[in-house]
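Here the structure is laid out as structure tokens; the discussion comes afterwards.
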Amino acid sequence: MATTLPPPSKRQRTATAEKARAQQDVDTIPDNLGSIRVQFLDQASGISAGPPVSVPVRDATVKNLELLLNTLQRNDASERIPYRFSYRSDSSDPTRLDNALDVSDDLYHSLLKPGLKTTEDSISLQYTPQAIFRVRAVSRCSSSIPGHGEAILATAFSPSSSSRLVTGSGDSTARIFDCDTGTPIHTLKGHTSWVLVVSWSPDDSTVATGSMDNTVRLWNPKTGESLGAPLKGHSKWTTSLAWEPYHLQTPGRPRLASSSKDSTVRVWDIVSKRIELVLSGHKGSVSCVRWGGTGKIYTCSHDKTVKIWNANDGTLAHTLSSHAHWVNHLALSTDFVLRTAYHDHTGHVPPTQEGKIAKAKERFDKAATISNEIVERLVTASDDFTMYLWEPSKTTKPLARLLGHQKQVNHVTFSADGLFIASSGWDNHVKLWNARDGKFIATLRGHVGPVYMTCFSPDSRLLVSGSKDTTLKVWEIRTAKLKEDLPGHQDEVYAVDWSPDGSKVASGGKDKAVRVWRH
């Protein structure tokens, strides 16, 4: 008797149907459309990559356009750069970004079929280089490291490598772990209450921790020793920490900003342990602070406002007030390069101080340049279920209002290339947005509990999210689909971080164990 195959499962049937639909889409490009003229323009500078090129519509896919552009730029096969293409509807102004349409698959389905262009027209396509290196999705838990006696509230990888991780916990300690061997190295003891925030300095030499005991402490990550007395000044607990960007620091005298429940932000000289500036103007708890690469400090508060301060003298530059409830979190489009300073995927570190500052400045300028201007964008998340996208250097009015969450928005983050925004909320959803114009892209559904935190991979192609439902999930940005489901935690996952070199993800939560995930 012949063995009969079991009927296909629901997942197999769905995959087959999707494959057939995708194949049908590819096959529906008509053969009789001829060619279309394409002009490639660099999104950052607006400079043309060469004369307009005639491309057969049938072959005008993103992959082929990428090959063509690499050929025009005379890149070797070994140096092929992946590109992202978008079309501007306002051709009169090549620097306008707010009406750009991404070309996802091919020119026919993106521009010709919707009627935006015909084969008689010449199309100007903006191109943006994507990360040359590719991060692989983490898929397994390589180590579960016990040690903390209470829930883990914060995690952060070292900016220089994925082998060092610091965590802050409700047991009043922070710990530094070796993620290669899965072992704890140092226990940072000194705080008398929960450690709420942890942060590495951009040059990897110092770890700062902020606690419920109203103090900020500094530690040497190599020895685990406390660097002097705690920084005392706040009258309530610390909510957030931000280091001065490396390219703005006075050599040998880095500064640190701490925000607090006491409605103030204090800027510390970490060498003399003195308060340099007190930014007081908020009328409620300051929930988040960021130090921008253009010399501005950004703060958001439970008084519904966002304030922008000059970092040199502590004067208030702007107040942004559009939210109708507490502002929970804010993120900058340059967060990733400010965090990693002169460390990049090549692992090459300049030998001199001047070289390090120059490289940090060069990386910041490259990440922040849009149309030959240094642009630092800001996104804020609030309990009013909305987010706002701002460009404070040009206007105090928001560029866009990002609507869609059904409950409070808990956390928001920019991708490393500054092109995407991910938001997570109490409605169990993660949402993706276009960071240029604030347009909605997709909802990532899969979590069955509130999502506390998300983090992009360094190449901006993947996103990891941690939730109250005890799981982490890895999402693919291009398809907005679930790439990996990572169960393993025994309880809620409060904190998650993707290492700047892309090789590991670390997570911590209510089950007191640090888990390191890798491919």
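We count from 1, first residue shown onward.
Here the Cβ of each residue, glycine as well, is placed from N, Cα and C on the backbone.
Predicted automatically and left uncurated, TrEMBL annotations should be read as such.
Annotation comment: TrEMBL describes 1-26 as region 'Disordered'.
Counting residues of the repeat 'WD' (145-187) by DSSP class, helix then strand then coil, yields 0 helix, 24 strand, 19 coil. Sequence annotations record features per position, and here TrEMBL assigns repeat 'WD' to 145-187 (among others).
Long-range Cβ contacts of the repeat 'WD' (188-229) within its own chain (Cβ-Cβ under 8 Å, at least 6 residues beyond either end) map to 150, 153-160, 164, 166-170, 172-176, 235-243, 245-246, 254, 256, 258, 260, 262, 268, 270, 273, 338-343, 356, 360. Here TrEMBL flags 188-229 (among others) as repeat 'WD'.
Annotation source TrEMBL lists repeat 'WD' at 231-278 (among others).
Assigned with DSSP, the residues of the repeat 'WD' (279-319) fall into helix, strand and coil as follows: 0 helix, 23 strand, 18 coil. The repeat 'WD' annotation in TrEMBL covers 279-319 (among others).
Predicted-model confidence for the repeat 'WD' (402-443) is 93, expressed as mean pLDDT. What TrEMBL records for 402-443 (among others) is repeat 'WD'.
For 444-485 (among others), the entry in TrEMBL reads repeat 'WD'.
Under DSSP, the residues of the repeat 'WD' (486-519) split into helix, strand and coil as follows: 0 helix, 18 strand, 16 coil. Under the heading repeat 'WD', TrEMBL lists 486-519 (among others).
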### Summary
Near the repeat 'WD' (444-485) in space but 6 or more residues beyond its ends, with Cβ under 8 Å, are 130-131, 133-135, 137-139, 336, 345, 407, 410-411, 413-417, 419-420, 422-432, 491-502, 505, 507, 509, 517
#### Entry: Stretch contact, the repeat 'WD' (145-187) with the repeat 'WD' (486-519), Cβ-Cβ under 8 Å, 3+ pairs
yes
#### Entry: Positions whose Cβ lies under 8 angstroms from the repeat 'WD' (402-443), at least six residues beyond its ends
84, 97-100, 102, 128, 130-131, 328-337, 367-368, 377, 379-383, 385-389, 449-460, 463, 465, 467, 469, 475, 477, 480
### Task
Would you kindly list the residues that approach the repeat 'WD' (486-519) from elsewhere in its chain, counting only those six or more residues past its ends and only Cβ-Cβ distances under 8 Å?
133, 135-157, 159-162, 165, 167, 169, 175, 177, 179, 182, 336, 339-340, 343, 345, 347, 449, 452-459, 464-468, 470-474
